[in-house]
């Protein structure tokens, strides 16, 4: 993995000043903190928030370290650092599925006495392990359906509410456009964390759960249906033949280049779609993900958290920094400047936020009802089982029926 250190002194607006009055307090003496930030989630914008923190907290310098374009790559790196009890990292940005793992391993410090009631309940729950607060929310997230608003309008099509409707819409537009580079749908088929959500979306839509009370609750029919659905997009020519090689940011890049009609992706993609180099600027709509026929529309809960390394030699300074980064003012700043969904309900009605990103006004119900992936200390094994199976089916290595059978067998060994 290639790692890089980002330093900068870009100035922020006044949006964070009120927060800094709270967090300036007594200065720490010559403390340099290192924070690991997901390279996919706007480290340049986080840098601006950190610059303001430095400006108001004399004696504290913060260095950003990034690495890895997927949740798995980042987790692999952090697992190596934490297993070695390395003190070089003070603050860790963790995928919402990781706090339980890291806390169980003894890799994060607790935030004793912290009140999480101001945050969205889902994230308060995700960061509480065995009654202890082990991390604080960085930003919320859910999967959404991005679509080419201009093309749907051109062909008189409404945003689809079922996957069957999406197929029909894709066929109509693709036939009409006669553009061999235009895909109907892009989603995550590579053996990454996104493929876990790929599998669960139709599975959940049938009203099924995967784990209950820590025990496997596998529904074979729903699993086969899910795998068949995704494979059918490839077989019907709606999705590219090598979808098994497509990761989250590949979907984002292809949609941004104007080569995709519908895309399943997270909120971070919005800012990229509206950028100067985007081919779809002002042509993008956002909707809830479709349902299977007769099922419910549902989505996969995402989001990232900030934890303090148990091996940091600057515990107080690191916790102060995390309190700041998890504050409502920083959450608002990141929503406006990076299109990262807030972890505070009030910000979804904030005039400054909705003026900049209007669709955020309708995003709260989606985030609040999003379903979480299984929470278990053995999540890595659960994830690896699901994503490799999805990838194998999409690559044509196994049938949906064989994939579901193999998935159940492997999961039963993990979740006994």
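Here the Cβ of each residue, glycine as well, is placed from N, Cα and C on the backbone.
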Matching residue for the 3-(6-sulfo-alpha-D-quinovosyl)glycerol site, where Swiss-Prot names 40, 71, 95, 141, 194, 248, 303, 304 - out of 47, 148, 288, 373: 373
Chain-internal residues, separated by at least six, CB under 8 A from residue 194 (3-(6-sulfo-alpha-D-quinovosyl)glycerol binding site): 70, 187, 188, 247, 248
Rounded to the nearest Å - Cα separation of residue 95 (3-(6-sulfo-alpha-D-quinovosyl)glycerol binding site) and residue 304 (6-sulfo-D-quinovose binding site): 5
Max CA-CA distance, Å, over listed 3-(6-sulfo-alpha-D-quinovosyl)glycerol-binding residues 40, 71, 95, 141, 194, 248, 303, 304, 373: 20
Residue 303 (3-(6-sulfo-alpha-D-quinovosyl)glycerol binding site) CB neighbourhood, other CB atoms within 10 A: 27
Secondary structure of residue 95 (3-(6-sulfo-alpha-D-quinovosyl)glycerol binding site) (DSSP, helix/strand/coil): strand
Where residue 303 (3-(6-sulfo-alpha-D-quinovosyl)glycerol binding site) falls in three-state DSSP terms: strand
